[in-house]
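Worksheet: the structure to be examined is printed underneath.
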Amino acid sequence: MDVRFISLTKPEIVIDGEPLSPEGLIAYCARVSSPNQENPNYTKLLQFCIREGHWSIFEMVDMTLEITTTRAIAPQILRHRSFSFQEFSLRYSCATEYECYEARRQDVKNRQNSLDDFDESTKKWFNQAQAAVWEKSHQLYEEALAKGIAKECARSILPLNTVTRLYMKGSVRSWIHYFSVRCDQATQKEHREIALAARKIFMKHFPTVAAALEW
């Protein structure tokens, strides 16, 4: 798993000799009907909009991240339809690696939860099982390609823990909603770790918004 910052909306507006920050652009657009639109102070404004649920202003700025994950987790991410995505395609490129999942026990009281309480021998068995499945499936995948079978067909042999990469672009509003859902304990651990890493990047670029959300 890896999350990498790619891009952020860059305002071209300059106020009092200083370029407007992405957060400043949110406030600038929020004040579209105000004669005080170029007010450089926006902390209280953003706090107010978050507190009162005026979310539309947070659609004025986008952030793009690169996410490296697996074919098991990618569909969960792609389910967030307010984002725009570009994903690594196994129709055109070859699979080269897999991600080893840790063995966790199913929580019988909560189907959305799993428990990290297996003994080391069970964890070792699960790691070895994943390695064996990858080795065999990747061998057959390579054989299929060597026989001239199209990548779009050969990829069906590969397991769900095959590594993939995608770009995820969304507005600040979309990211806020994504974090509220996917940083929660109800989210699968592997996906939650991605969301937490993404939120850490978000907090760096939107400190005022993050503080208002009490992150």
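Each residue, glycine too, has its Cβ placed from N, Cα and C.
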Open item on the list: Looking at the dUMP binding annotation from Swiss-Prot, with Q76, I77, L78, R79, E87, F88, S89, L90, R91, R182 already listed, which candidate in R51, R111, R155 is the matching residue?
Closed with: R155
- [ ] Rounded to whole angstrom, what's the largest C-alpha distance between any two of Q76, I77, L78, R79, E87, F88, S89, L90, R91, R155, R182, listed as binding dUMP?
- [x] 29
Task: Shortest C-alpha distance to R81 (FAD binding site) - which of the binding-site residues S89, R91, R182 - done: R182
- [ ] Count, for each of the binding-site residues R81, H177, the other C-beta atoms lying within 10 angstroms of its own C-beta, and report the residue with the smallest count.
- [x] R81
